[in-house]
Amino acid sequence: MTTHRLVMVRHGESLWNQENRFCGWFDAELSEKGAEEAKRGATAIKDAKIEFDICYTSVLKRAIRTLWTILDVTDQMWVPVVRTWRLNERHYGGLTGLNKAETAAKHGEEQVKIWRRSFDTPPPPMDEKHNYYTSISKDRRYAGLKPEELPTCESLKDTIARALPFWNEEIAPKIKAGQRVLIAAHGNSLRGIVKHLEGMSDQAIMELNLPTGIPIVYELDQNLKPTKPMRFLGDEETVRKAMEAVAAQGKAK
């Protein structure tokens, strides 16, 4: 018997997504398309008449603004919001700011494929000479982190390792207590939660790429195990395309 509902949404397209650049912890703004995606997702939540008691997001504006849009459109702007670096996107280290073509030219296509598709191989670290080192590592939003907590690069495994404790210690107890939760975050931090909920293998989660801006609904039992497959919210065409895109990701290219 279903006892809980969880809604998650990956932020709308950012300006750096649009330019095909590795974004990671760089605080990119939503693109026009991304802002529209957030509005569409918000409207889908409104149409489904879903209410929230508490929301969680990262400390990066593309996720925060997506959340704001949802709360605005659904007239729930008063709902408490918790922001945490633990829900940030994967830190792409030395690749941050490069587009895929530049990265392939610099490091070789095979190496880039390993960084993108390997579960536990991190990209090269972001050193102090990197263009974005100061704007990320020295930003005051991270002033409270211990030196060992502040990454210079992350694999997907690393990203999940810092996101999951927050899920286990903060979010899961709220859901079990009956709170209706919305998480607006990033492709890789949300992958960590999906992997945990569904007990997916390392390989399977690497092949799952969550669509931007489309709310994902989970019905969970009292042990927070899904009672049904993840469900997308939106008009029929949007949902069909999202489901096809997710299904196709498991197939050989």
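Backbone N, Cα and C define each Cβ position, glycine as well.
The active site, tele-phosphohistidine intermediate annotation in Swiss-Prot covers HIS11. For HIS11 (active site, tele-phosphohistidine intermediate), the Cβ neighbour count at a 10 Å cut-off comes to 31, with all displayed protein chains included.
When other Cβ atoms within 10 Å of the Cβ of GLU89 (active site, proton donor/acceptor) are tallied across all protein chains shown, the result is 26. In three-state terms derived from DSSP, GLU89 (active site, proton donor/acceptor) belongs to neither a helical nor a strand segment and is classed as coil. Residues or ranges marked as active site, proton donor/acceptor in Swiss-Prot: GLU89.
Annotation comment: Swiss-Prot describes 10-17, 23-24, ARG62, 89-92, LYS100, 116-117, 187-188 as substrate binding site.
According to its DSSP assignment, THR3 (phosphothreonine) is coil. In this view, THR3 (phosphothreonine) is surrounded by 14 other Cβ atoms within 10 Å of its Cβ, with every protein chain counted. Sequence annotations record features per position, and here Swiss-Prot assigns phosphothreonine to THR3 (among others).
In the three-state DSSP scheme, SER14 (phosphoserine) is classed as strand. As annotated by Swiss-Prot, phosphoserine applies to SER14 (among others).
There are 15 other CB atoms within 10 A of the CB of SER118 (phosphoserine), with all protein chains counted. As annotated by Swiss-Prot, phosphoserine applies to SER118 (among others).
For THR121 (phosphothreonine), the same-chain residues that are 6 or more apart in sequence and have a Cβ closer than 8 Å to its Cβ are ILE114, TRP115, SER155. Annotated phosphothreonine per Swiss-Prot: THR121 (among others), in sequence order, evidence recorded as similarity to another entry.
Neighbours of TYR132 (phosphotyrosine), defined as other CB atoms within 10 A of its CB across all chains, total 15. For the recorded site, TYR132 (phosphotyrosine), the DSSP three-state label reads coil. According to Swiss-Prot, the feature phosphotyrosine maps to TYR132 (among others), an assignment based on similarity to another entry.
The feature phosphotyrosine is assigned by Swiss-Prot to TYR133 (among others). Residue density at TYR133 (phosphotyrosine): 16 other Cβ atoms are found within 10 A of its Cβ, drawing on all protein chains shown.
What Swiss-Prot lists as phosphoserine is SER135 (among others). Using a 10 Å radius centred on the Cβ of SER135 (phosphoserine) and all shown protein chains, the other Cβ atoms total 13.
Summarising the annotation, Swiss-Prot assigns phosphothreonine to THR152 (among others) and lists similarity to another entry as the type of evidence. Neighbour count (other Cβ atoms within 10 Å of the Cβ, all protein chains): 18 for THR152 (phosphothreonine).
Proximity of HIS186 (site 'Transition state stabilizer') to non-local residues of its own chain (separation of 6 or more, Cβ distance below 8 Å) is seen for ARG10, HIS11, SER58, LEU60, ALA63, LEU87, ASN88, GLU89, ARG90, given in sequence order. Feature annotation from Swiss-Prot assigns site 'Transition state stabilizer' to HIS186; the stated evidence is similarity to another entry.
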Spatial separation of LYS100 (substrate binding site) from TYR132 (phosphotyrosine) - C-alpha basis, Å: 17
Fewest other C-beta atoms within 10 angstroms, as judged across ARG10, ARG90, LYS100, which are the binding-site residues: LYS100
Lowest local Cβ density (other Cβ within 10 Å) among binding-site residues: GLY24, GLY187: GLY187
Residue from GLU13, TRP16, GLY24, LYS100, GLY187 whose C-alpha is spatially nearest that of THR3 (phosphothreonine), among the binding-site residues: GLY187
SER14 (phosphoserine), number of other Cβ atoms within 10 Å: 27
